[in-house]
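TrEMBL has this to say about the protein:
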type	residues	note
ACT_SITE	A:68	active site, charge relay system
ACT_SITE	A:154	active site, charge relay system
ACT_SITE	A:178	active site, acyl-ester intermediate
DOMAIN	A:35-504	domain 'Amidase'
């Protein structure tokens, strides 16, 4: 596998240059990595050469990887794009970072993101917004002066770093769509694995029950190579899927998976969930999706319309659960053991500990994080707990049940796995986002203060297609499928049963080839 | 508020779990006409080597390898892992030893270990709580039901539930400098919160309950229950009501750290509540502290100010599933509980007093980490009394050995005399080869110069054995004594027999106790009469 991966990385570079994506044109030799990054703002810390301990002869020794800034590294800061942790360097390496180092990968730096992973546009960052590196082919301005669009969030820096070829791949995290959305907006591949497959030790928690570490790269093969390195059981993560559970899932995938051979996809049943084409979906993005579907059908796959009726409740449930967990996880940032400490001004009331912390927390957290802390604190308060938190958990169970009903593969995590007896689909396929990358607000003050409620809601709606898989803990991968009518990238998402990550990746590869051909 | 007094009917019926409460409560001369109702929450630190969630694989600690349950002798902040300090990216991992000790405790308290329990986060901001929440078991506790027999009182206290939770750090407030110091060594250590039903009726009964609980925890090795060092802390709920009226409003007194102070606090709180009610006021539900110097309680916060802890199931910790088979296996490995030990000792013919002394010394034995049971005086007694008279053995252990150890200010765990040596010593005395005095000399020697030699070898070496010759040695010692003490000898000869004891003492001394006192006395009288 060793030399294979190196070649995958090189190949994806080649594919990107020659076929679908036209970025290389702009990134001519006149632009240094520094110049490119200055325009994209993807890397917020670039590793010094001295830190690179390239171990040749290992599986990823020719691979350069950027790491999202909410994943702990001992040799680089881990700021989570928050003023709170601006000077924070973790005493631990995340397990995923350790695994990459062990396989000889070169860590090129830390990537920008929304503060603690909260956001869908990568605009809530103390380092400033990420600017999507993409430029439509029909544009005639210099790349540096391209249209300023969002890279998506929260892993916008990881997606943009890959798209701008600052690295071969990037580690990212996905809580409600934070990998798939930026992958779609930037025109790269993004995989959110099944919950519990990749270790979260050393990954800064936003909402523990939803957080997943995933991989972004130009091509599916690179994603797969890195996923294979990272998907190891880690006893340090109490939510890690145990080895026997992984075996059970693999067996279930094999027993109930598609039985196609050779180049044909006959036997593969692809579900198209009707609820994933909501009113908010921009119809201009549908053409590339149709091309993928046509390609799959031409190869022998059956396309089957399915219904996931609880989908419409997913977004509200997601925001209640994620905010509740966020409010809990953010409680540790008080400026005492580490992080920003703001001395209470003279004469302030210090009778309660919370009053002292309030100064550091108000100064350290951005508006969006503060908003979610308040929302989550309310959802957990004694009066609201039943109506919000518990209700959201019920919805979460309904969403899971929806998925279990349509998949041919039984859910090995369920206490009563449903057997759909040959009925049901192997994967689901749907648009990754409701639109192509939205424009960035022109000035920073637009982002925080003078924003209308409608545009805030807009930002939350970005996640409508991605949160159901997060709530159910399912593997989901966004693959670029071409361009919308505005010339910007569009992604398609492949979603599988829990533990069927490999199947999702393989079908992602099929979709990718459909585009390349 | 089910239970008021629960004096036991015959013990056997209680064992069949048919509780019998007598309606009539003994009147307390301190507050005639009033009933006192007390419930106690005990926080006992689990004596596990590693902490509750930060123990496993915690290679990134600051001061020491691993996050140990702190030794109170250690300087502050020396047993802290990145998890204990709530560093971003760290995750909890349940220490199975804490579960094991929890199960042992539940079994000792006759509680039902739940097949499924779960962990929740309890949120509040305080400087000794780095994560901003404490992991506890709010919605689904570890064990429910159970009871503690109060020995001698023929009463029991029902246990409502036992939950596993994290300890907080320790804050010390310097009121002069207005500075709080935080020690995180304790943060994240395992605690068992043991919640009683409001079954106690007096400060003394509350004290009895806590002491009994301490002994139980120590006997199963789950906690050293040391209140002084803070490994056992009590929150006490107190209410009063006029006899035959419904239970009154309760107040909680927080953080009591000695049994004596707890009893003083309850007494003062009872008086405060009665004074309030008798002067026409009402007791309002609140949380109170205890001022040890003034010996009175003071208000910390009212019910209205009670914080909303925003309990949330911990999303990182899967439910704790405990198989019945595991509990059964633990049951077979359970150490003997104090009640059973006492009954067994009395059954061996020991006096109540001897049994109590032996058990008292036993309860002071060190509680080892992770439930490894250190053999104490009872085990020592059991081994030595095998095939010997238990009453003789207990006498040697509690009086002679323990007395000598106490004199040397050594704990029983430092006793260097092996079971074989002690048994041999007792055998020599019992068989008449060694006088009691010589036995004690030998015991002291064994303590002074620990060795692997048998009691017989040592006694021989020290020439302590009674010479079973024809009495020439005795003749010799007596002759020497008379020569050495001519005045006293003359006095005896002239009829002052009381002075004989002086000469006898000389004989005993020069014989190193080998001489039989009665025989020596007779020989001396014989020799002095002759002249």
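Here, residue 1 is simply the first one shown, and the rest follow in order.
Quick reminder: no glycine exception, Cβ is built from N, Cα and C everywhere.
Feature map: TrEMBL annotations on the structure.
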residue: A:68; record: active site, charge relay system; DSSP (3 states): strand
residue: A:154; record: active site, charge relay system; DSSP (3 states): coil
residue: A:178; record: active site, acyl-ester intermediate; DSSP (3 states): coil
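For the pair residue A:178 (active site, acyl-ester intermediate) and residue A:154 (active site, charge relay system), the Cα-Cα distance reads 5 Å. Around residue A:154 (active site, charge relay system), the same-chain residues six or more apart in sequence whose CB sits under 8 Å from its CB are A:113, A:114, A:117, A:118, A:119, A:120, A:122, A:173, A:175, A:178, A:182, listed in sequence order. Among the active-site residues A:68, A:178, the residue whose Cβ has the fewest other Cβ atoms within 10 Å is A:68.
Confidence for the domain 'Amidase' (A:35-504), expressed as mean pLDDT, is 93.
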